[in-house]
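Comments concern the structure below.
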Amino acid sequence: MHPQQLVIAWLSLVLLAPPLMAIWELEKNVYVVELDWHPDAPGEMVVLTCNTPEEDDITWTSDQSSEVLGSGKTLTIQVKEFADAGQYTCHKGGEVLSHSFLLIHKKEDGIWSTDILREQKESKNKIFLKCEAKNYSGRFTCWWLTAISTDLKFTVKSSRGSSDPQEVTCGAATLSAEKVRVDNRDYKKYTVECQEGSACPAAEESLPIEVVVDAIHKLKYENYTSSFFIRDIIKPDPPKNLQLKPLKNSRHVEVSWEYPDTWSTPHSYFSLTFGVQVQGKNNREKKDRLSVDKTSAKVVCHKDAKIRVQARDRYYSSSWSNWASVSCS
């Protein structure tokens, strides 16, 4: 084929290729319109269809305007800004036939907006969702922060793998009583509990779990994603039942503890390692820290001090638990 013919054929393919989907259904009768967000953007042409066998005497209205917007079974609108979103309803006489609700997902300079959630600055990457698991049962908790109080809705979806996804069930997002203060501002904390349906605690993970949060504020839509292996988000509960036993003719004491009840069993397979530290008066920490695999240690315990113990998976460098403590006095 002549080079000029190749160029013409390639151009034909480009022109005939279907455009990227700029509007898609989030849930029944709710649609997301994806917009390039800059003053010169043309917006998106959206065709709404009235869900009725009727053909005649159909009119359209929206919750943004009291005027009749058009007539007929379909309505074509140009969506350029939030004033063009909202609920569109088709009527016949005084009867409502159906409605469609339009949300806007903004893209500025090629980047999807992240206005609804607060970035959690704990790594080099932008993180909006944080997830933790107390053990290898496949159950985990995710949370996020927002400064927004009203007109807010979250929906959470999760699966492991994409080609043949394994089911992960998530509950409803709930507002925590805990307020989180960041940069002198209080943020609301939302949490969700998820459970992998066919989790095998001892199995090696080959595919990550993906969590997607659909966030809606008024007429704005955003989504946030986190992808991880359970082993990477493990954070045990603190050790339990800390006890001190004085040692004869010694300044040392023996501190002992037990595995947390929520940790995976058997402990001979799902083993923990422990960090032990003496904290002095006024919460001053001694620099030396013991690392032990057994559930006891000998330390010097001064008056007014306390001993702290935390736990971590012995064979994988995931997160340490919070501290458990016992007073020396």
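Using N, Cα and C of the backbone, Cβ positions are placed for all residues, glycine too.
Among the features that Swiss-Prot reports, signal peptide is placed at 1-22, with the record citing similarity to another entry.
Here Swiss-Prot flags 23-106 as domain 'Ig-like C2-type'. Secondary structure counts, DSSP: the domain 'Ig-like C2-type' (23-106) has 3 helix, 54 strand, 27 coil.
Sequence annotations record features per position, and here Swiss-Prot assigns disulfide bond to Cys50-Cys90.
Taking a C-beta cut-off of under 8 Å and a sequence gap of six or more, Asn135 (N-linked glycosylation site) has these contacts in its own chain: Pro201, Ile234, Pro236, Thr262, Trp263, Ser264, Phe270. As annotated by Swiss-Prot, N-linked glycosylation site applies to Asn135 (among others).
For the recorded site, Asn223 (N-linked glycosylation site), the DSSP three-state label reads strand. Around Asn223 (N-linked glycosylation site), the same-chain residues at least 6 positions away in sequence with a Cβ under 8 Å from its Cβ are His105, Trp112, Val212, Val213, Asp214, Ala215. Swiss-Prot lists Asn223 (among others) with the feature N-linked glycosylation site.
Among the features that Swiss-Prot reports, domain 'Fibronectin type-III' is placed at 238-329, with the record citing sequence analysis.
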Averaged pLDDT, computed only over the residues in the domain 'Fibronectin type-III' (238-329): 91
Under 8 Å by Cβ from Cys50 (disulfide bond), counting only residues of that chain that are 6 or more apart: Ile58, Trp60, Lys73, Thr74, Leu75, Cys90, Leu97, Ser98
C-beta crowding around Cys90 (disulfide bond), within 10 angstroms: 27
Helix, strand and coil residues within the domain 'Fibronectin type-III' (238-329) as assigned by DSSP: 3 helix, 43 strand, 46 coil
